[in-house]
Every structure is written in C-alpha cells, then in structure tokens.
Amino acid sequence: MFRKHFRRKPATSSSLESTIESADSLGMSKKTATKRQRPRHRVPKIATLPSTIRDCRSLKSACNLIALILILLVHKISAAGNFELEILEISNTNSHLLNGYCCGMPAELRATKTIGCSPCTTAFRLCLKEYQTTEQGASISTGCSFGNATTKILGGSSFVLSDPGVGAIVLPFTFRWTKSFTLILQALDMYNTSYPDAERLIEETSYSGVILPSPEWKTLDHIGRNARITYRVRVQCAVTYYNTTCTTFCRPRDDQFGHYACGSEGQKLCLNGWQGVNCEEAICKAGCDPVHGKCDRPGECECRPGWRGPLCNECMVYPGCKHGSCNGSAWKCVCDTNWGGILCDQDLNFCGTHEPCKHGGTCENTAPDKYRCTCAEGLSGEQCEIVEHPCATRPCRNGGTCTLKTSNRTQAQVYRTSHGRSNMGRPVRRSSSMRSLDHLRPEGQALNGSSSPGLVSLGSLQLQQQLAPDFTCDCAAGWTGPTCEINIDECAGGPCEHGGTCIDLIGGFRCECPPEWHGDVCQVDVNECEAPHSAGIAANALLTTTATAIIGSNLSSTALLAALTSAVASTSLAIGPCINAKECRNQPGSFACICKEGWGGVTCAENLDDCVGQCRNGATCIDLVNDYRCACASGFKGRDCETDIDECATSPCRNGGECVDMVGKFNCICPLGYSGSLCEEAKENCTPSPCLEGHCLNTPEGYYCHCPPDRAGKHCEQLRPLCSQPPCNEGCFANVSLATSATTTTTTTTTATTTRKMAKPSGLPCSGHGSCEMSDVGTFCKCHVGHTGTFCEHNLNECSPNPCRNGGICLDGDGDFTCECMSGWTGKRCSERATGCYAGQCQNGGTCMPGAPDKALQPHCRCAPGWTGLFCAEAIDQCRGQPCHNGGTCESGAGWFRCVCAQGFSGPDCRINVNECSPQPCQGGATCIDGIGGYSCICPPGRHGLRCEILLSDPKSACQNASNTISPYTALNRSQNWLDIALTGRTEDDENCNACVCENGTSRCTNLWCGLPNCYKVDPLSKSSNLSGVCKQHEVCVPALSETCLSSPCNVRGDCRALEPSRRVAPPRLPAKSSCWPNQAVVNENCARLTILLALERVGKGASVEGLCSLVRVLLAAQLIKKPASTFGQDPGMLMVLCDLKTGTNDTVELTVSSSKLNDPQLPVAVGLLGELLSFRQLNGIQRRKELELQHAKLAALTSIVEVKLETARVADGSGHSLLIGVLCGVFIVLVGFSVFISLYWKQRLAYRTSSGMNLTPSLDALRHEEEKSNNLQNEENLRRYTNPLKGSTSSLRAATGMELSLNPAPELAASAASSSALHRSQPLFPPCDFERELDSSTGLKQAHKRSSQILLHKTQNSDMRKNTVGSLDSPRKDFGKRSINCKSMPPSSGDEGSDVLATTVMV
C-alpha cells in the first residue's frame, strides 16, 4: 500500500542539488546521493543483478535515508541548559515540623514535647515540572517531569547563607525550554532519613510562572505556616545554546568549516576578514575584483587565469600578440590602430609607421607591409632616394632659391643610395666642386668621413660625380650661409637706446623700452606727467582706513564731522603718477612730484605721521592729513587731552552729599542717613528705635541714643544714682515748691499768718549738670561747663553754629560736641584727610584700605564676595543672570544663593538630570529608559504594565495592586465600540493599546505592541523637541520620511536608530522578524498581510501612515479586550502590527500582522477583526460623514479606504507541544523509512518470484484497485475540508458587514467540478466578478450600500512564496494603485503544488 505514496518522481536540478548537499553533510558521495534520485524506469535493470547484490543496495539506501532523518531530527529538537535554585534564608524559630511536632525527636516521643525543641537538621528538595495552575495543584506525588534534586544539610532551624552557592541545586535539561514551569521546594529535617518525607517535612512551597534564560536571578519569598523561606531561581542555557528556549546552537570556530564567534542570541558573528552564512568566505583585499580575483585567506587577492595586477583588474593579452591589447577581456588580442592579423603583427599603414619615401615623396599603402612612393621631379628610386640634380632636394632653406651653376663640362650628377656604387659599379670621388653639397650630410659628419676611400657620405646617400655642376642659394632677407641656414642677428650692434632690450626678428629687430622711454629704438622721453588723471588709489585706501578709525573712536559729533571733513578735503585726484601733489614736473627718464601739506614719498602717496608726541594721558591719536585728532581717555578733554574733566561740576551727589573728583570718575561722601553711589538711598537705622529712652540719631556706624539725664548706656538702659542726703535735699531741685510745710508768724503789730508748703525733693541736684553749693543765703547750683539755668537745666548748644566741617554731623554733649565725620575725613572738626580706617567702617566682612593724602585717595572698602556699596552694606543679587538651569528656582541671600530644582533635575545649578532608572524600577528584566522627571519601561515579551509588573501568563498579576474588583487598567474595557475609542482624542503616540483589565480578580491583556516611541515628541515640561532620554547613548533620532505623510501638514515624529561603527544608521528596532515587515513580508502561518488603497482626496489634514497604524492598533485592542480569555489559549504571544507605504505608490498602505509565538491562535482572530474594522460597512451608523471627517481628522484616513486586500496562510486547527510534535514526527519518519525498506524488499522478492514463474497478478491487481480507490476518496475528502483560514472571524464578518463569504465555486463550476477529481484541482474556487472601477463622489456611498459586495476567499494554486506573490491576483498585469480590481475569469492552474495562501479582497 506504500508503493503509490512513495513513488519516485524525476529529479529536478534543485532537488538533486539539495539531495547531494544533504549527502555531503552525512559523508555520502555524490554518486550515492545521485543514485537515489534516478528515475523509476531504470529500476528494472536491477532485477537482472543477483538477488544478494540487489538486497545489499536496497539495505544501504534505506539505512542512509534513516540516518539522514535521525540526524535532522536530533538537530531539530536539540537543546541544553540548566535550571538553578539557590537557598538564601530559612527562618524556623520554633524548630517545628509542618505537622507541629519538634524536629530531631523519635516518632514515639514527639507527642511529649512541643516547646523548647532541638534545632532541626535542614536540607532542601526541589521538584521541577511543567506549568500547573493553582486550580490543578502542584504536588511531588504526580512526578517531577523536569527533574528533582536534594541538597546536603545546610544548617539548623534558621540560618542565612552568606554564600548562596552552598545551597545551590542545578537541574540540567536537554529539551526545548518551555519558559513556563512549576517548582515545588521542600525543607526536610534530616534527623532520621528512614522516616517518610511527610514526617520530616518542615515547610513546602510551590511557584508557577515564566522565566527566560538570563544570568539575572529572580528572588522568591515564601511565608508559610511554619517557616519562612527565601530563595532565588534562574535559567541559563548551556555554553553553546542560545535564545529564550535554549534551542539555537552556536559553537565558535576558526577552521575550514567556518570562522565566527557567537552573539548574545546565538547568531554567528563572523571574525574579522570573513563573511557568508557560516563565515567561510574570506574577505579579499579592498578593491580586489570580485569576478576576476579570489582569496582563500583574508586580505589576499589571487588572480584567476587571464588576469593580473594587485587587484586582478588588469587583463592579459593573448600570447604572441605584438601590437594589440586585451581591452578588458582576458586572452584577447584587439589590434591597435594601423595593425591587423590574428596576432596584430601586420602593418596596415606602413607609410604612416615607417615613412619610407624620402625627399618629400608621396607614400601610398598598397597591402599589409607593402607601399608605393610617388617621387617629385628630379627624384627617382623605390623610396625616392635617387637625386638626379642638386636642386631637386631643395637644399636652400628658409625661403632661399636654388640655382644651378653650369660649367664647360655638362656631365650630370647622379645620386645613389648609401651602398657607394653607381649604376656602373664605380665609387664616387670627391672634388672641389662638391663643397656646396655639405647640407646633405648629417650634422657633425664630414664629407671625407666615409668608411671607404673616395666615397662621399651624404646621410643615406653617396654621390658619384663624373663632371658635376654646382648650385648657389639666393637667401631671403635675414638669412645667410651656403644653404640660407644662418639667421642674421640684427641686434648685434645694440640698436636700442636708454636700456631698451633688443629682440632679434627674421629680417629685423624690435626694442622693448623701459617705462620712461619710447620710440623705435627707445630714443623718445615719456612725459609721465601727461598720464591720464585717475583717482588716487592710495589716498582712497587711506581715506577708508582713517574714516573707520574716526567713526570707531569716542569723538563727539562735532569733532567727528570735523575729522571726516578734513580727511576728505585732504585727498584729491592724481596728477599723472603723483597722487596728492600740487604739481608734477617731467624730467629726462623720470618725474618729480611737489606734494601737498601732509603728504610725502615719491608719488606723494605716503601720509606723514602727525601723531608723534601729540596726545596725552593715554589718549588714542587718529592721524589725519596734515592734522590729527585725539580720542581722549575717560576723564580728560582738550585737543591733546591735557585737561582733567571735573566730574563734580554737575553736582551729581544727592541729598547734600559731598562730591570728590577723581581721575575719570567721582565719589560721593554721603551725609548721615544716606548711602549709595549718589547718596540716593536713605539709611534709616532708627526705625524702629533701638533706644529705650531718649531719641535715636542715625550715624555712619549705625545709630546713637541721646539719653535723658537720669539714663545712661548705649540704649539708655541704665539709671543714674539719685542724691537724697542733705544738704542736697532742698534748694537744688528744680521741682521744689513752697508748700512743703506750714509756719505761723506772729508780730506785735499784726496778727496775720503766712503758710509755706515745700514739696519733697526728687531727681538729681542741679539736674545732674552741676554741683549744689551752700551759702549764707541758702543753696544754689554751680553749673558745669555747657549748662546754665537756676538748676542747670538748660544745656548750652555747642553745635550752634555747626563747628564740624566737610559734611560732618555735630552731636551736642555736656559742655562739648562731637563731630561724626564723613568717609575720608577725620579730626575734632572733620578738617583733616583720613588716611586710616575707623572701627566698623566696612561692614559684612569688608576690608578697609587706607588712603593716601598725596594722591587724594581716601580710605575705601574692599567688599567681601556678595556685597557692594561704599561701606559694603548692599547685598549683591546672587540670582542675577539666572544661574539655575532647566526651570530651577533661585533663592539668594547675602553672599549666597541656592537652586530649587524642578522635578527630574539636581545639582548645585540643576544641570544634572536625575536618573530615575537607578535603582532599577522596571521588573522582569525590562529595559528602563530615563526621561525628564520620569522613566518608561520597555517590557520583554510576556510582561506589561507601567513597570512591567504584569505577567501575562499569571492571571492575577494585573490585579495585585487593585483595591477592588476593577483595577486601574480599565481604559479599553469601558469602550463600547471602536468608534468611541477613536473619538476620545488619543494621540498618534498613544501607548495604551497594550492594556490589561482586571475583573473579579482575573486579568486579561490585549498583548499588542504599540509601536516605536516617538523621539520627537514634545516634552510638556521643557517644551523642546527631541525628548531627552528617549534614545540611548549609542542611538540617534531619525525623523520619519516625508512620504509617510498622507496629507500635510503632519506632526514631526521619529524613531531611535542604532549608530553602527561605520557611522551608518541601523534599521529600526522592530520586534517582528524582517520576514514580516511591510514590502518584504512572506505570508505564512505566522505572518498575514493587508493592503489598503486610500482615496487621498478624502484623507484629512495631518493624517500619516504611522497615525493610521496607531489608530488601527487601538481599534484592534478595543476588540481584542472584549474576547473571552479562552479564545487565545494559555501564554499567548505578542501581536505586532506594522505599516508602511507600498513601494512605488503614494496612496497604498501595506500592513502586516505577526505574533512572537509560532502558531499563535490569536493571530487569525486578530486578522479577522482587522477585516471587520477596515470594512466600509462599519461606518453605516454615521449619518454625517463629512462633518465627522472635519471634526476627527484621524478617522478620515479610515473613511477614505477604497479597497482592502487580505492575505494569510491556512492555519491548521489544534495546537500541541512543539517538542512532542517533533518527537512524533521523528517516530513517524522512522516508521515510514522502515516501511519503505520492507516495501522494497518484498517488491524485489515478488519480482524474483515472477521471473521464476510464480503468478501473483490477481493479488497485485486487487492491491492497485484498492490504492486508486483510496486516492479518489482522499481527494474528495480534501475538497470537503477546504475551509476559511480566518475561522471564527468569517461568521462575525458576515454578521457585521452584511457581506457574503463565497467559499464554494459557482454553481456552474461546481457542476463541472463534480465530474472528475482532476477538475477539482484545476478549476478556480471563486466566480468571475467585475467591480466598478470608480465610485462617483456623490452617489458612491449609496451605491456601496445597495451593492451586495462579496469577499472572495480562494486558494492560490500557483503562488510563489519566495517571491512573495499570490497567484494571479498579484500577476504583473494587476495594477493595485487603481481604484478597483477587475476580477475576470482566472485561468486554471497548471500544477497541483503551491503554498496554502488565502487572499481576501474587499471593495468598499
């Protein structure tokens, strides 16, 4: 029954080469490999061989086939790596077992003691198996499919391992790492290993998750009922295995089979100087011709036959080629001009190459290497070498005329060739009459220099004279000599005068005169003063320079105008050679210039320097013509800057300040209470008053408290003592009244009574400014100097008039005064210049610098940093100039400032960008990208979230941070349809397309890649483009091509590209494989392609390809999130949607969909949803389409879709473990190989028996009949199995769009298809159709609604996957850039082989 299925086909060239290549890898010879491909009709020849030989050959072929299959199978499923676990800590404070008993006790005594237990003897056991959910439950009893191991005793009840390697468990694996796993870790008491594990169990923990091979550890912490265990795990591939499943094998090598190292992903990295798939091709020397050169070692350049040169780019001529070249082709002989023949050795232009005809004879080529000479009159011979008379050779040169001289003997002269014999064979003898023929000999050769006596050498000729006449030459003017060969030198006599140079000419001469003379022989004097008048070049240049210097100086407007006027007036037009002269006087051979004032030199072009010793006091002198100007330094004036400017003349000091004139400046001495450079600032130190009593006065040092008499101290805080003892108790007090006591006086004459009352004395006697004196009449006050009055209560004002000078402030005292002097003055009355500093003159740490009276320099303050002013009392604004960067706020004080930085920056001046990626906030091995005041995480496959904390394989990870049943990840779940999402105002760079929702403790994620980040996105804080931190250090931000903008203007966007060592920009970092990028996608089970035709006139402003792609991702995510989790199975891959303009078009977008996981069940679901989303029927509910396009520009890109074409591969139902599939396939192939072997063996046995006379025809016919019946049934079954690869999406597409999926052939085709199985294979599976080529803008929408559009799904029979074509729909005649596809009847396919590619075309 296997005979039909394994029937051999004629071997094509490609299959034969692949078979031979496989044979080479197994060490088989090409002969053996070729033998297995021979056609079947040659098999009967084997029957004639002995049976033993036939059996051996069949056995050897079968063994080779089985060995090839097994080697390929082993290579397919080979993998290697280690699962590693290290114990970090265990805490068992009670030393209890999990059952509550104590560690280290016999079973019969455990019930007697539960506290104060002995320490445990702790070891750990690891069980590793396939992934199991919590509902399934993880237990060691069900087996450890990935392996198990036990550590040695690590310690007591509680311990922390400083060296985690002590408690390490390593489980090697040789299968494809599944990424997901379940581990069970047990802590056991090793007191008595004979006890069952359940009685020795201290604690047990299990963990189920996903881990990718990496050198990084993942730490896990288990808090159990009895103990706490901290451990860490990781997976590492073996040394020569790579990628996430440890299945990529790469071993570095440097031998004849390859020269490469291994990359981080197992890719082969060629060593320096090698290239190719296996790096076995050497890179030749730079510039080595790739066709004509080769190399076995890097850097060499070995030429192939026929080529030479250091770079093998020089061809070699054919051997023996004489006058030819190879002309860019090896072993060629391309003849040069005038040469012919196979070896280019025949002269085709003998006349031009050799010039054989002498004496002006005309040469004519007659044949290769042949010629004929036509001689002039008087010449003859084969080469015109015979001279019949002397003038025939034109011996007279330079226009001379030859004349023959005859004599009495008129014998002719005969010229022969150089053989030296005449026609008669006699030699030629020299005579005196031959002296005129010397012109015929070569230069330097005498006539008697011939080798034979009596022979006259005439170059190649020899003369034989019998009776020869002579000739004479009549020379032209300027020539002389026997043959007019001598030029007469007319300059020999020196005809040129006054130093002129004589140049000899033919028949004359010419004199080149100096500039001062002219004439034929330079005899006439030139009048230089009569030269045409022209602008004085030197004067103009000087004028320009002078004007520039004047304008750049600090002259006043009046002085500036005068200087410019003087400079212009001093220049004039030139008089001949004199530029700035009064008169030009001609002299023999020369001239003299009478210069104007201020000018000198031969031509008066030099401006005399008038600035020597003129300007004073550091002024800058500007030299004019016969004049100068002084640009004075600051503080001086006058023509020579000799006068010091009195800056105090305008009284700049305010508020009564005294102005002190200085050099170039002034200084204000401010009165009490004022400060500043102009005394413009009032100093108020008495508000509020610091004096407790009395009144406050401002002083340069601060303030002064003028206290009342009974007070003393700086702030009048001290009380003066009172005098209460006699005799000071009365009479000396200003407040004594006459009613202090009562006295009655009685006289004899009257009876009146007088009463005097005296008040009790109080205060100081004599008001404290005098002494109380006693006298006969009573007490009185003797006042101190400066006071007066009965009780010395009046203070004499010594400050009136003011005795203080130079602005000093007078302070009245007790009988004296004090002068508070202004800065720079001192003395009792402030009349002396101060040379020293007084205490406290300079404030805030300033240093006082003494003055110098001889220089009128007063003491001044040198302020400390941060202070300024006359007394260093003014604080400098440290925040002036904005020292804080990046939006920082400056705060300052006296001599200091500090920056309060904005979020994301630090440092003293806020220039340091805070690295939010340190410490690492992203989880699960994600890549952290630092930003301004934040960070972003690029999650690895299988993770999502702001910090990649959501593990897609863990249903509860998205719900761990949620306080209720709905987590924060609900943005996409609340949208009812894709149109709602499109109208929410999302930007093109929205990264929320990949979101998770948490409902009732279970999470679901869209797991959709959101596109590359836009490195030209504007930062809301800095408002600057090219956001800092998006691109890494070795990357650059590459802006998107302008062609991707569908309708300008578009927002600027770009993506980060790696910068290669050659300074070239690498391709974008797309997660999808390059085989599924737009414009180069290969449609297969893991890659689908959609082609979208747009009407550009309906596309809204600002729409771009990436904007359309971002919108499609968001819309797809909104639909995927609604699907139940069971639709996608466990551990789905990441979906990737990529978009780009179709090559060569500007209105067609190619979109590819792929998954990071092979045979991902969500891929066909996503493709079906995209078909629904991009259908025009989805917009039926929009009543005002034009208004919607104006309001939402991004939707306009979708509403402008004219046609959608979808291509996908047929995806088989069901899924299984890839390792199991590989093993089952291997077993099946082995069984098939064994069956082939048995079949061949019995076939030969039957053939042998047939040849021996045995008749097996009935049984063979029956067997053939059964096989043909089985084949027909199989063909019918295959036809019935033909289904839509979009699976569930087809029904939803029909319900949502109202479109009919035509999955069966047309009725008329179906009827004919039932006639034979062959017709089933050749007829197309779709009816002919003819869509309109153009939709009218006004009626197109209605017609589209009325028309019953069809989505045609058909299997392309002749698709070529390598060229990325899909049958007849992608034929060269099809122009996808047009408005519609004209689906005519497709011709039947010519073959029954092809890849399973389905194409869907949607007309909208």
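Quick reminder: no glycine exception, Cβ is built from N, Cα and C everywhere.
What Swiss-Prot records for this protein:
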{"type": "DISULFID", "residues": "CYS237-CYS246", "note": "disulfide bond"}
{"type": "DISULFID", "residues": "CYS288-CYS301", "note": "disulfide bond"}
{"type": "DISULFID", "residues": "CYS303-CYS312", "note": "disulfide bond"}
{"type": "DISULFID", "residues": "CYS513-CYS522", "note": "disulfide bond"}
{"type": "DISULFID", "residues": "CYS615-CYS630", "note": "disulfide bond"}
{"type": "DISULFID", "residues": "CYS632-CYS641", "note": "disulfide bond"}
{"type": "DISULFID", "residues": "CYS670-CYS679", "note": "disulfide bond"}
{"type": "DISULFID", "residues": "CYS691-CYS705", "note": "disulfide bond"}
{"type": "DISULFID", "residues": "CYS821-CYS830", "note": "disulfide bond"}
{"type": "DISULFID", "residues": "CYS863-CYS872", "note": "disulfide bond"}
{"type": "DISULFID", "residues": "CYS884-CYS899", "note": "disulfide bond"}
{"type": "DISULFID", "residues": "CYS922-CYS937", "note": "disulfide bond"}
{"type": "DOMAIN", "residues": "719-793", "note": "domain 'EGF-like 10'"}
{"type": "DOMAIN", "residues": "833-873", "note": "domain 'EGF-like 12'"}
{"type": "DOMAIN", "residues": "875-911", "note": "domain 'EGF-like 13'"}
For CYS691 (disulfide bond): DSSP state (helix, strand, coil):
coil
Between the C-alpha atoms of CYS830 (disulfide bond) and CYS312 (disulfide bond), the distance in angstrom, to the nearest integer, is 104
Whole-number Å distance between the CA of CYS301 (disulfide bond) and the CA of CYS641 (disulfide bond)?
82
Residues that sit under 8 angstroms from CYS303 (disulfide bond) by C-beta distance, when 6+ apart in the chain:
HIS292, GLY293, GLY309, CYS312
Determine how many residues of the domain 'EGF-like 13' (875-911) DSSP places in helix, in strand and in coil.
0 helix, 13 strand, 24 coil
Chain-internal residues, separated by at least six, CB under 8 A from CYS922 (disulfide bond):
CYS928, TYR935, CYS937, CYS939, ARG947, CYS948
Ten-angstrom check, please: count other Cβ atoms within 10 Å of the Cβ of CYS872 (disulfide bond), all chains counted.
21
Cβ atoms within 10 Å, counted per site: which of CYS670, CYS884, CYS937 has the most, among these disulfide-bonded residues?
CYS670
CYS288 (disulfide bond) and CYS705 (disulfide bond), Cα-Cα, nearest whole angstrom
102
If you count, for each of the disulfide-bonded residues CYS312, CYS632, CYS705, the other Cβ atoms lying within 10 Å of its Cβ, which residue has the minimum?
CYS705
Count the other Cβ atoms sitting within 10 Å of the Cβ of CYS630 (disulfide bond), across every protein chain shown.
24
Site of maximum Cβ density within 10 Å, from disulfide-bonded residues CYS246, CYS615, CYS863:
CYS246
Grab the pLDDT values for the domain 'EGF-like 13' (875-911) and give me their mean, rounded.
84
Can you tell me which of the disulfide-bonded residues CYS615, CYS670, CYS691, CYS821, CYS863 is spatially closest to CYS237 (disulfide bond)? Compare CA atoms only.
CYS863
Near CYS615 (disulfide bond), which of the disulfide-bonded residues CYS632, CYS641, CYS821, CYS872 can be found within 10 Å, Cα to Cα?
CYS632, CYS641
Can you tell me how far the Cα of CYS670 (disulfide bond) sits from the Cα of CYS884 (disulfide bond), in Å?
37
Taking the Cβ of CYS899 (disulfide bond) as the reference point, list residues of the same chain whose Cβ is under 8 angstroms away and which are at least six residues distant in sequence.
PRO883, CYS884, GLY888, THR889, CYS890, GLU891, GLY907, PRO908, ASP909, CYS910
For CYS301, CYS522, CYS821, listed as disulfide-bonded residues, tell me which one has the smallest number of other Cβ atoms within 10 Å.
CYS301
